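*Asks:* Dropping a structure here in structure tokens format, bear with me for questions.
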């Protein structure tokens, strides 16, 4: 739990993942045969093996904001970094990477349904433009404030999308280290800028050139009032992705995951989404095609400062990936 807290509370809006990368690097260095950072900033930890290459990915970045203009009054205009929603950003605290705290607010509008981020601003407590510009500059990024809290088996925090995936990868590496190795050449990729269009994973796949790939990310649930009906619930186990708007997962990967869960008594769910996407979407169409699947961690309130996950689902994902690595990826 301590590691998950460190990961989630590290500041890492898209394009500014340095702090997150340093936390991960310290954890994976003793677990891998090789650790390096690619040209875009993704961290890659390799556990050498004789079999086909397998890329296991989770993204480091979180949704955030970036300063675009400072008003004469000292209020800061901003743009979103990733898929933010106006109704969840309003009245939230943000912290710039240099430590400056601000509060998101909006202009007065009669119809709140028409609100756009162009109507929003951040109040950093500045008295005027000069005061504000002495604290932050145009182009400075910030992430939302959201404390890490444990409620029974559940965790609430900012940035669990996708620090929970990073946690799963690290814990899987620990299990593989304990068991004495694997049958494949494994590349654990902690990628950048997923929230801006799956960019880091696409570049990393071009460097790794994997034969197989698994993306680990969060997914929405269907267990809240008024939500679209879907089979995924919080606490029901990791979800084996069938499809989303970016990928129809390879039958081999889907069947391999289901078989592994059944043989090892791992509770699991099947995930079929009509929208959204993860790094699996970018990886599977790279380099002439990669046999790709995805393991999803059910999460509530995604892209808010209070995302919620269940530790049972997380631990199930670790066991699933570990058992897959022990069995070996092959066709």
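The backbone N, Cα and C atoms fix where each Cβ goes, glycine too.
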*Asks:* Among 284, 303, indicate the single residue that TrEMBL lists for the Zn(2+) 2 site containing 161, 195.
*Replies:* 303
*Asks:* Out of 217, 223, 244, which is the one TrEMBL records at the Zn(2+) 1 site of 59, 161?
*Replies:* 217
*Asks:* I'd like to know which of the binding-site residues 59, 303 has the most other Cβ atoms within 10 Å of its Cβ.
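*Replies:* The largest 10 Å Cβ neighbour count belongs to 59.
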*Asks:* Can you give me the Cα-Cα distance between residue 217 (Zn(2+) 1 binding site) and residue 195 (Zn(2+) 2 binding site) in Å, rounded to a whole number?
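*Replies:* One finds 11 Å between the Cα atoms of these residues.
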*Asks:* In sequence order, which residues at least six apart in the same chain have a CB under 8 Å from the CB of residue 194 (active site, proton acceptor)?
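*Replies:* Looking at Cβ-Cβ distances below 8 Å from residue 194 (active site, proton acceptor), excluding near sequence neighbours, one finds 14, 59, 61, 162, 200, 201, 217, 278, 279.
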